[in-house]
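A.B. asks: Sharing a structure, written as C-alpha cells. Questions coming.
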Amino acid sequence: MPGPTMESEFPVEPQSLKKLSFKSLKRSLDLFSPIHGHFPLPDPESKKIRTSYKLNVEYGGIKGSAAEPNAKAGVQHQAQPASAPSNTLALPGPENTRDEKTGNELALGPSIPANGPTDVRFSGKSNAVVPSHGSSERNLSTAAIMERIPSRWPRPIWRAPWKNYRVISGHLGWVRSVAVDPSNTWFCTGSADRTIKIWDLASGRLKLTLTGHIEQVRGLAVSNKHTYMFSAGDDKLVKCWDLEQNKVIRSYHGHLSGVYCLALHPTIDILFTGGRDSVCRVWDIRSKMQIHALSGHDNTVCSVFTRPMDPQVITGSHDSTIKFWDLRYGKTMATLTHHKKSVRAMAQHPTEDCFASASADNIKKFSLPKGEFMHNMLSQQKTIVNAMAVNNDGVMVTGGDNGSMWFWDWKSGHNFQQSQTIVQPGSLDSEAGIYALTYDVTGSRLISCEADKTIKMWKEDETATPETHPLHFKPPKDIRRF
C-alpha cells in the first residue's frame with residue numbers, strides 16, 4: 001500500500017503575489033538590517049568614495065591648477081612648462097597606493113606625458129594626436145579613457161581639373177559608342193544615324209564613314225591584333241569590318257533583339273556581345289560560331305568587360321546585378337547584388353585587380369577575382385550613369401544622362417571635379433546627355449559622345465595649380481558596408 005503523499009502531510013495554503021513579496025522583503029531585512037521596519041542608514045564611507053569619484057571625473061583637470069596661488073603659478077610657467085592635466089579616470093585608493101611625489105590618486109589608465117604642444121595618447125594601435133591646451137582643457141570623462149582611432153581613409157592627391165578643348169560635329173544623330181585604335185592615331189564613333197565614322201585623334205578631322213547597319217550603332221571595339229573593327233547595333237547585327245578593305249567581312253547572327261554592348265577578349269580571338277535578349281553571347285571571331293550563350297540575367301545585358309584571367313567575363317544588367325562567368329563551362333561563378341538600379345556602365349582599372357560599376361543609386365568599387373565589395377564613391381551623381389572610364393593615373397570619369405561629367409580619384413573615391421556639358425547651338429537643353437566615354441591609349445585625352453550629336457575631347461588644364469583649384473576633401477564619417 002503506498003504511503004501518504006507529501007501534499008497531504010504539508011498542505012500549501014494559496015498566497016497572493018503581494019504577500020509573497022512582502023515576505024521576501026522581510027527576510028531580506030532580517031538578514032541585512034538589525035532594525036525591522038527601517039531602511040539601513042547611508043554608509044558614510046561609500047558616500048565619500050562616490051563623491052570623491054564624481055569630483056575627480058568632473059574637476060580633475062582643473063583641480064590642481066586652481067589650488068595654486070597665481071603668483072607661484074606664474075613663476076613656475078616661466079621656469080618650466082606646465083604639466084598637462086590628467087584626463088584619466090582617477091579613484092581614491094588606500095594610502096600606500098598614492099604617488100609620493102605628486103600626491104595624486106591612483107589613476108586607472110595610461111599616463112599622459114606632455115611633450116610640447118601636442119600629446120600623443122595611447123601609443124598602442126592608435127596614432128591620433130590630441131592637442132593639449134594646458135589647464136583650460138575640458139575633461140572629457142569617459143572619452144578620456146577611450147582609444148582614439150584616426151581616419152584610415154586614404155587622402156586623395158591633388159589633380160588638375162579637366163577642360164574641353166575640342167568639339168567635333170559630323171554625326172546626324174545621337175553618338176552612342178566610341179573606341180580608340182591601339183596605335184593611338186584614330187578613333188571611331190557609332191551613332192543613331194546608323195553610320196560609323198573614323199576620326200583622326202590628333203586633329204579631329206573625319207577620315208572615313210562606314211555604312212551597313214540599319215539601326216543605331218550601340219557598341220564598337222577595335223582589335224589590337226588584326227586590322228579588324230567590330231560593331232553592334234539595335235538591328236540585332238554584330239559585324240566584323242576589315243579596315244584594309246573598309247567593308248564587312250563577317251556577321252555574327254544569333255541575338256534575338258538589339259545588341260547593347262560589345263567587348264573583345266584581350267588574349268584569345270573571342271568576341272562578347274550583350275543585348276536586350278538578356279544573354280551575353282560568346283563568338284569565335286574566325287568561324288563566326290557561337291561558343292556560349294551566357295544566360296542568367298533577368299533583363300537587358302547593357303555592359304560587359306573581359307580580362308585574361310578568371311573571371312574572364314563580367315556583365316552588368318538592367319536587373320541590377322553583376323555576374324562573373326566561367327568561360328570554360330559557360331556558367332555563373334558569382335552574382336553581385338549590391339546595386340539597386342540598372343548597372344549601365346562598368347570600368348576595369350588598367351593595372352589594379354579591381355573594377356567600378358555605376359548605377360543610378362551609387363558608384364561602387366569591387367575587387368577581383370572574388371568580387372568583394374570595397375567601397376562606394378564618396379558622392380552621388382543622382383542621375384542615370386551611362387558611361388564610365390578610368391586611366392592609368394587613377395582618374396575615373398562618369399557621364400550622366402543629364403549631361404553631368406564627374407571626375408573621381410580612384411583610390412579614395414573623392415569627387416574632385418563636377419562639370420556640365422554645354423549643348424551645341426540649335427540643340428535642346430534636354431539633349432545634354434553623355435552616352436559613351438573613353439580615354440586614349442596614353443590616358444591624357446578623354447573622348448565623350450553626346451546626345452547633341454557632337455563628340456567632345458577633354459584634357460587636363462595645364463594652368464591649374466593647387467592654389468587656384470584647392471582640394472576640398474572630408475573623410476567620410478559613416479562608411480556603408482554594402
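Even glycines carry a Cβ here, placed using N, Cα and C.
Reproduced below are the annotations present in TrEMBL:
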COMPBIAS  77-89  compositional bias 'Polar residues'
REGION    70-119  region 'Disordered'
REGION    462-482  region 'Disordered'
REPEAT    168-209  repeat 'WD'
REPEAT    210-251  repeat 'WD'
REPEAT    252-293  repeat 'WD'
REPEAT    294-335  repeat 'WD'
A.B. asks: Do any residues, 6 or more residues outside the repeat 'WD' (294-335), come within under 8 Å Cβ-to-Cβ of it, and if so which ones?
C.D. replies: 260-267, 272-276, 278-282, 341-348, 355, 357, 359, 366, 368-371
A.B. asks: List the helix, strand and coil residue totals of the repeat 'WD' (210-251) as derived from DSSP.
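C.D. replies: When I sort the residues of the repeat 'WD' (210-251) into the three classes, I find 0 helix, 24 strand, 18 coil.
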A.B. asks: Sort out the residues at least 6 away from either end of the repeat 'WD' (168-209), same chain, that have Cβ-Cβ distances under 8 Å to it, and list them.
C.D. replies: 215-222, 224, 229, 231, 233, 241, 246, 424, 433, 435-442, 445, 447, 449-451, 453-457
A.B. asks: Can you break down the repeat 'WD' (252-293) into helix, strand and coil residue counts using DSSP?
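C.D. replies: Across the repeat 'WD' (252-293), DSSP assigns the residues as follows: 0 helix, 23 strand, 19 coil.
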A.B. asks: On the DSSP side of things, how many residues of the repeat 'WD' (294-335) fall into helix, strand and coil, could you say?
C.D. replies: 0 helix, 23 strand, 19 coil
A.B. asks: With DSSP, how much of the repeat 'WD' (168-209) is helix, how much strand and how much coil, in residues?
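C.D. replies: Within the repeat 'WD' (168-209) the tally stands at 0 helix, 24 strand, 18 coil.
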